[in-house]
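Everything below concerns the one structure shown next.
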Amino acid sequence: MAPSKQYSEGGQLQLMDAERIEEEEECFESIDKLISQGINSGDVKKLQDAGIYTCNGLMMHTKKSLTGIKGLSEAKVDKICEAAEKLLSQGFITGSDLLIKRKSVVRITTGSQALDKLLGGGIETLCITEAFGEFRSGKTQLAHTLCVSTQLPIHMHGGNGKVAYIDTEGTFRPERIVPIAERFGMDANAVLDNIIYARAYTYEHQYNLLLGLAAKMAEEPFRLLIVDSVIALFRVDFSGRGELAERQQKLAQMLSRLTKIAEEFNVAVYITNQVIADPGGGMFITDLKKPAGGHVLAHAATIRLMLRKGKGEQRVCKIFDAPNLPEGEAVFQVTSGGIMDAKD
C-alpha cells in the first residue's frame with residue numbers, strides 16, 4: 001500500500017504504512033486481553049494503576065513485585081500470570097525464529113552517513129545505546145538530531161514514531177529542533193508536537209517518569225526514548241563511598257526498567273553518560289577518563305559509544321562495546337541542522 005501523508009492538519013504524526021501498523025500491533029499484547037482469559041476487569045485496572053499496560057510488561061515483573069500491588073493476592077497473581085502466558089510465547093525458540101523476530105528492529109538514522117555505517121544502519125530499537133564523553137563531545141546534539149530523524153518514515157531511515165525525552169540537566173532546547181526539522185524538510189511545529197518532554201530533578205522522579213511512560217507508549221506509536229543524562233541525578237543524590245552500594249542498586253533498577261521499555265514497546269533507548277577520572281588507567285595512557293556508572297551501567301547498555309572532540313565542530317565516535325559491531329571510528333560534524341557528515 002502506498003504511504004500516506006506523514007502529518008495530519010493538526011500536526012499529529014500519522015503512521016506511514018498500513019503494513020507497518022499491522023506489524024506494530026503484534027509487538028505487544030494489551031493488558032485488556034486478560035479479560036478474555038477470565039481475569040476480572042477490576043484486577044486489570046489495578047495492574048494499569050501500577051504502570052503495567054501490556055502482557056509483555058506483566059511477564060517482566062516477578063510474582064513478588066506483583067503481590068505488592070494493593071488488592072492482588074498470591075492466588076490472583078498466579079491466575080493472572082497463567083492467563084498472560086497463554087497469550088504470549090515465553091519459552092525457548094530456535095535461532096531461526098529469533099532471526100525472524102530481529103527483523104522487527106528499526107535502525108534510526110543519526111543524520112550522518114558515516115556514523116550510520118559505523119552503527120550498522122543507525123540507532124537500534126529493542127536495546128539501550130549509551131553515548132559517553134566529556135562536555136561538548138556531541139552527546140546532546142545527537143539526541144536533538146534523533147528527536148527529528150525518529151519521526152522520518154521508515155523508507156527514509158527514520159523510525160516513523162514519536163519521541164519521549166527525559167532531561168536531567170536542563171539541556172534540551174526546543175528552538176534547536178527547528179533548524180534540524182527544516183533540514184529534513186519537516187514541519188517544525190509538528191515535530192515538536194510529537195516530542196513529549198519531562199524535566200527530572202531527583203533519581204526517584206526520574207524513575208517514576210519511566211513508570212508513567214508505559215501508559216503513553218501502549219496507546220501511541222513511540223519509537224525513541226532519550227535520557228540525558230542517565231547518571232547525573234544519581235551522582236548528586238548519593239554522595240560518598242558509604243552510599244555507593246545503594247546508588248548502584250537504584251541505578252540497576254532504573255536501567256532494568258529502560259531495558260524492559262525497549263523490549264516491550266520496540267523502541268530505541270538512547271542514554272547519555274558522563275565521564276570520570278580513571279586513576280588506574282596506566283602511565284602510558286594520556287586520557288585517563290572512563291564512563292561513570294561502573295559495571296552496572298556497562299552491563300545494561302547493549303551498545304556503548306565513546307564521543308570525543310575533533311577539529312573545530314568535528315566530533316569522533318568510537319565503538320566502545322557492542323555485541324554485533326566491529327571496533328571502529330567515524331567522524332561527524334555538529335551543524336545548525338544537527339549531526340551531519342564531516343566536511344574536509
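A Cβ is built for glycine as well, from the same backbone N, Cα and C atoms used for every other residue.
Quick caveat, the model's predicted, so the values are computed rather than measured.
Listed in Swiss-Prot for this protein:
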- Gly133, Glu134, Phe135, Arg136, Ser137, Gly138, Lys139, Thr140: ATP binding site (BINDING)
- Arg235, Phe238, Arg241, Arg247, Arg315: ssDNA binding site (BINDING)
- Arg235, Arg241, Arg247: dsDNA binding site (BINDING)
Distance, Glu134 (ATP binding site) to Arg235 (ssDNA binding site) (CA atoms, angstrom): 16
Within 8 Å of the Cβ centroid of the dsDNA site residues Arg235, Arg241, Arg247, which other residues of the same chain have their Cβ? Phe234, Phe238, Ser239, Gly240, Glu243, Leu244, Gln248
Other C-beta atoms within 10 angstroms of the C-beta of Arg315 (ssDNA binding site) total 26
Given a separation of at least six residues and a C-beta threshold under 8 Å, show me what packs close to Phe238 (ssDNA binding site) in the same chain. Tyr203, Leu244, Glu246, Arg247, Lys250
So among Gly133, Glu134, Arg136, Gly138, Lys139, all listed as binding-site residues, which is physically nearest to Arg315 (ssDNA binding site)? Use the C-alpha atoms. Gly138
Sorry to bug you, but what's the C-alpha spacing from Arg241 (ssDNA binding site) to Gly138 (ATP binding site), rounded to the closest Å? 30
Where Lys139 (ATP binding site) and Arg241 (ssDNA binding site) are concerned, what is their Cα separation in Å, rounded? 28
Maximal Cα-Cα distance (Å) across residues annotated as binding dsDNA, namely Arg235, Arg241, Arg247: 11
